[in-house]
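Taken from TrEMBL, the feature domain 'STAS' applies to 532-722. Under the heading transmembrane segment, TrEMBL lists 102-127, 134-151, 187-212, 261-281, 293-314, 351-370, 382-399, 419-439, 446-462, 477-508.
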Amino acid sequence: MEQEEVAAREDADLQLMYRIERPVYNEAAIRSQVLDRKEKSTTLRERLAQQFRCSSKRAKAAALSFLPILTWLPSYPVKQYLFSDVVSGLSTGVVQLPQGLAYAMLAAVPPVYGLYSSFYPVLLYTFFGTSRHISVGTFAVISLMIGGVVVREAPDSMFYVLPANGSNMSAVLDVEARDARRVQVAVVLTTLVGIIQIIFGLLRFGFVAIYLTEPLVRGFTTAAAVHVVVSQLKYLLGVKTQRFSGPLSAIYSVKAVLSDITSTNITTLILGLVCIVFLYGVKDINERFKKKLPIPIPGEIIVVIVSTGVSYGLSLSEDYSVDVVGKIPTGLLPPAAPQFSLLPSLVTDSFAVAIVGFSMGMSLAKIFALKHGYSVDGNQELIALGLCNLVSSFFQTFAITCSMSRSLVQESTGGKTQIAGLLASLVVLLVVVAIGFVFQPLPQTALAAIIMVNLLGMFKQIRDIPTLWRTSKIELAIWLVAFVASVLLGLDYGLLVAVAFAILTVIYRTQSPKSAVLGHVPGTGLYCDVDEYEEAAEYEGIKIFHSNSSIYFANSDLYVNTLKEKTGVNPEHIQAARKAIKKQKEKKANSSNNSPSKICVKYKKEEVTHEVVSYNNVAEEQRNGRSGDRCSMSASEQSIFLNPPSTVHFIILDWTPVNFIDSVGAKAIKQVIKDYAAVDVLVVIAGCSRGLLVELDTLQFFTGVMTTDMVFPTVHDAVLHCQHSLPPSSCSGQ
């Protein structure tokens, strides 16, 4: 038995062997002997005609792509999914109702518009969305961005009017006119956001979300949570302060609240704190016992119902001056065209809202798709969100995206498809059409409590800082810049600064690539950094240079300079020494003085000087590396500073990591090849991808000193070629 186990272990330890025997290839041999490029059998006109040809199959594919519901609804397993979707939809709708009312406050519009925004877009997403688990609708970050724009375009100062009786009373705020104007601004902004998202989707620009890297999004949303909490302080305390927007708005808001804190409404504050404590406790219970609870405890709707009942029963608005939601009209509004005259001043803001909204929705959609084993289409998601915003804006809604908290509720309560989202929207519709008036006594401080507690998840993102400190300082810098810039400059300018900084970090990384001289690991085909691995040994007379970046206008000079520094072979220095030696020889030939002239050649690191009598003597001394203090400086002597004598005959450029090269980079490489050739050092290239070779052909790289004979498919091919071409005295035994 023991022998069998030993044999089994030995068999398990056997490695696959990689054996191949072939000639050493260069690119010229590959093109003539190994690879034949396929001839394109169709012309450009034929390819265009095929691209735009219409057929029943293509029409069906386009319809299924535009209406993803058609792909899963016909085969919807009613018995398996319907009950789960009903429970999930009712649970999500119960959460969506108070959040719609609360986030309307963030958007600076009357609460009923939050309910409209929780119905129409959710209904539309059921038909056009590709994710089965996200819950679209109002979201704190987007609502706050909209609120900033709305307050900027329709500030309170525009709506103070004098009393009609002409008395000496001070001007009063026309709340109805202000709210109507703010709704117009929010609706036009939403229309423009929808148009931008649809255009991006049709142009297949779903990739734009990749520029919003995860640290950037998390830093940005944490800053948004700070703005949201600051904006809700006045509702929690019951103080009357204006709403600020733009740079430093968070600081101004805190200052305004603190300066008026003595007028805090104690009843409002107590009610708000009780709601916060209750909601926090419910969320903690839901988290701790989520596996045992069939559905999460709906803390938000409990707070809304109880606080509304308490407010109505105790007449908090009349007797204790507690601010309440106020009038909620019953029924839906008829469609109306937005005020397009407002468009020019909202273009920049709409781009920010469109991109942030899409990135939020897409990031959550990918998480759920990965968890449940299906795929989401980024371009179709852009079109779906765009249609939700554009069409819904004609029914007086503001911009929406995916909500993290509601999506978690929808998924954790067993939601299987967007039928759950459809049912959630119907719950909101029931309230809008039939029982909206019931929530008129709802205290605003209760909505502020709901908003604040729902932001706990975003504030927990601060834990990213120590993790990023250990893993990536650059990503930590992106997180901090996104957070600080968004807190101080506002969400719109903060996002712009954060994206610009993230792009700069990419440029910085390409400008600071890791470079190395490679050596061969005996017994393998591997080449590794000689400074990092003891086993890696260089071949005599050959330098292998590796840099993990592409070569283009921004870093071509850096690439060349690093090449000269790492290899220790600088053609300019060698040329300078040769010119000085030649000049000295000419002087000696023309001089009648037979005393030997001197030129001091000083090697940078060794402080070595050589007396130069003739070119041959110098060459011999440099080959043998002899040194001595054989010359003393005088006014007539010349001093040339060189690197230590080099016996390098070949330099191999490892282009395995190079993804692209532009015309500037190609010219720089050709020039450095010429420079090295002038000092009898041959430069060859190894590891080019086929795509990069096509680019080099397009750039006419293989002309003049550079030919395809100098390009090799692997570093080892290049090494074997160079070893074969080395002078006999330079060959190593490796």
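Even glycines carry a Cβ here, placed using N, Cα and C.
Model, not experiment: these values are computed from the prediction.
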Given 134-151, 351-370, 382-399, the one sharing the most C-beta pairs under 8 Å with the transmembrane segment (419-439) is 134-151
Near the transmembrane segment (446-462) in space but 6 or more residues beyond its ends, with Cβ under 8 Å, are 98-99, 101-103, 105-106, 111, 140, 218-219, 221-222, 224-225, 228-229, 232, 235-236, 271-273, 275-276, 279-280, 283, 300, 303-304, 307-308, 325, 404-405
In the same chain, residues at least 6 away from the ends of the transmembrane segment (382-399) whose Cβ sits under 8 Å of its Cβ atoms read 66, 104, 107, 109, 113-114, 116-117, 120-121, 124-125, 128-130, 136, 138, 142-143, 146, 183, 186-191, 193-202, 205-206, 332-333, 335-338, 353-354, 357-358, 361
Worksheet item: Can we call the transmembrane segment (134-151) and the transmembrane segment (261-281) in contact, meaning three or more C-beta pairs below 8 angstroms at a sequence separation of 6+?
Response: no
Under 8 Å Cβ-Cβ from the transmembrane segment (187-212), and at least six residues away from its ends along the same chain, one finds 146, 149-150, 220, 338-340, 342-343, 346-347, 349-351, 353-359, 362-363, 377-394, 396-399, 499, 502-503
